[in-house]
């Protein structure tokens with residue numbers, strides 16, 4: 001029976017304390033196969049642990065549960081304490097709002113800059129930082145993230161708007177001087193429709209995915225993939241902003257290699273650079289870089305960072321206003337910024353078919369950023385973020401925002417960090433900051449009508465520096481993981497060459513293929529025992545591991561399924577052949593006098609007797625042996641244990657392969673046992689018809705050591721005369 005050693009204390013806590021003190025322990029119990037384990041543990045039936053579909057539907061349709069899960073605000077708002085949470089949230093909200101007073105203007109500028117990335121009029125960047133946070137207040141589960149415009153999503157929206165509404169589609173003739181020009185009003189109006197339709201469709205995709213519990217989709221965006229994707233998006237942003245930096249009007253291409261074509265056209269237009277615009281851009285970039293470096297140097301000594309962007313835009317606006325840069329030097333400026341809020345309107349659903357690919361990419365990338373940031377704060381503050389509800393909340397932010405002409409949003413890292421660091425406890429902090437943002441938008445927007453667009457583009461370029469620093473990942477990944485490096489490089493190249501939507505799809509596909517490749521090429525090994533323990537490790541990588549005479553323990557580092565089942569069988573044959581050779585080479589027999597007449601049939605149907613003393617020839621011939629024709633073993637191996645502890649599932653192909661292994665080795669009087677099977681694997685074996693009269697659960701063991709002990713008892717102690725593992729038997 002299961003019992004502790006006699007020297008152990010009576011209570012579990014005393015035993016654990018003693019074990020920790022002396023650094024060792026001893027447990028005595030019966031050898032457990034799967035049949036005995038089920039008797040001891042009373043394993044539940046499959047139907048008991050897996051409710052029927054009808055029951056799941058009934059549970060999901062309960063009104064109270066739906067109401068609470070759909071509106072997380074109902075969880076915490078009734079319990080909201082003005083004393084415990086009210087003041088911290090108010091202070092945090094004011095702090096975030098005051099951040100918007102440098103950022104009231106900095107937000108205006110950043111939102112206008114992000115609108116510039118999205119190829120939209122600046123005011124629509126302001127709308128995108130107002131409405132979505134209010135929606136998230138009711139539906140989100142994170143207490144600290146701050147929803148708003150984000151660089152990568154703005155770039156992705158800009159790619160869509162410029163593809164479907166290029167400048168060349170809005171060329172009109174100037175009847176005064178017989179020249180052509182772009183109808184900016186018509187172009188911007190159509191781009192707003194494209195952005196709104198893309199955002200609404202993106203939100204709809206997120207809502208649907210959230211309702212069907214597809215929140216795990218974000219896990220397919222591995223960190224190397226996300227970092228490479230954002231780096232490539234930064235390159236797209238730079239190409240998109242160069243026209244404002246140099247004052248040129250390049251053609252925007254679409255489709256694969258469009259970035260290459262656009263860059264080539266930009267290079268051809270460089271001789272036409274507008275020098276006053278270039279001067280403004282150069283001065284702005286130099287000032288921003290110098291100020292940011294000074295800010296970083298003085299950061300330990302400053303209570304708050306220097307508002308670099310604020311100083312830059314105020315200075316640029318004042319200089320532009322007093323020197324009339326727009327009229328005297330034809331430098332493009334922001335222009336009219338409405339001070340009011342627009343009324344909601346229905347997006348153009350006819351555009352959905354054209355933007356569905358981009359909308360899906362926006363949905364996945366935005367959600368990945370949201371859930372990663374939300375989980376970071378949740379882990380820090382000890383609460384849980386519901387991935388499916390987050391997907392639903394972000395989708396509603398985009399859907400509702402799209403009706404108010406917002407473009408796609410996700411959490412802003414800078415605003416989220418400030419909201420958290422200033423003591424925000426709930427999303428009420430976002431409500432307080434939204435009020436201040438609203439006042440700022442209503443009153444301060446018109447002050448920036450004379451701000452040069454080149455300054456906004458310069459702010460965007462300088463702020464992209466951190467994304468380009470991610471290129472150092474190449475060196476890090478080269479040292480740590482070549483496969484992750486390949487994912488990083490493939491993501492970067494595919495996103496640059498195929499654009500943001502197709503590049504994302506290609507990157508995810510490659511990342512998944514890399515997982516399949518790794519499961520197809522696992523490490524196969526023969527395990528040996530560490531003397532005096534129940535531990536079994538690879539004999540090729542551990543000097544102290546010793547094979548147990550008469551028993552071969554075969555291990556795969558990956559689960560066995562249809563993609564690697566044949567490889568598993570081939571590796572098992574190869575390892576068995578190596579055991580044969582080792583036996584004769586290390587004293588079990590004489591290779592020179594070894595006649596293999598009993599290896600009567602080869603896989604190709606030939607009949608061969610191997611009398612050669614060549615080690616290479618012998619090894620090659622042994623690899624050709626088919627298991628069904630080995631005849632009687634002439635060495636002392638009676639059992640093979642298949643260690644399946646690494647398997648988390650098993651499919652019908654693998655079940656058939658393992659069944660064939662049992663049958664083939666039984667023909668040559670070698671017993672096969674399975675060890676380390678998880679409950680889910682056992683269940684799948686049952687459902688797959690694996691067990692029969694010849695294969696029972698008595699051949700499945702809880703651990704490798706249980707299987708070894710059973711083989712020892714079943715075949716006698718004679719097999720352990722040369723090497724005694726750590727055995728505990730009753």
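Here, residue 1 is simply the first one shown, and the rest follow in order.
Quick reminder: no glycine exception, Cβ is built from N, Cα and C everywhere.
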Stretch carrying transmembrane segment according to TrEMBL (options 331-350, 391-410, 411-430, 451-470): 391-410
Where TrEMBL places transmembrane segment among the ranges 23-55, 56-88, 221-253, 485-517: 485-517
Candidate ranges 296-316, 359-379, 527-547 [criterion: TrEMBL lists as transmembrane segment]: 359-379
Residues of the parent chain within Cβ reach of the transmembrane segment (194-216), under 8 Å, 6 or more residues beyond its termini: 118, 120, 124, 157, 160-161, 164-165, 347-349, 351-352, 355-356, 358-360, 362-363, 366-367, 371, 386-403, 405-408
For the domain 'STAS' (541-711), the mean pLDDT of the predicted model: 75
Residues of the parent chain within Cβ reach of the transmembrane segment (485-517), under 8 Å, 6 or more residues beyond its termini: 155-156, 159, 220-222, 224-225, 227-229, 231-233, 235-236, 254-260, 357-358, 360-361, 364-365, 473-474, 477-478, 563
Beyond the flanks of the transmembrane segment (359-379) by 6 or more, those residues with Cβ under 8 Å of it: 141-145, 150, 152-153, 156-157, 198-199, 201-203, 205-206, 209, 215, 217-218, 221, 226, 229, 352, 385, 387, 390-391, 394-395, 398, 408-411, 413, 416, 420, 500-501, 504-505
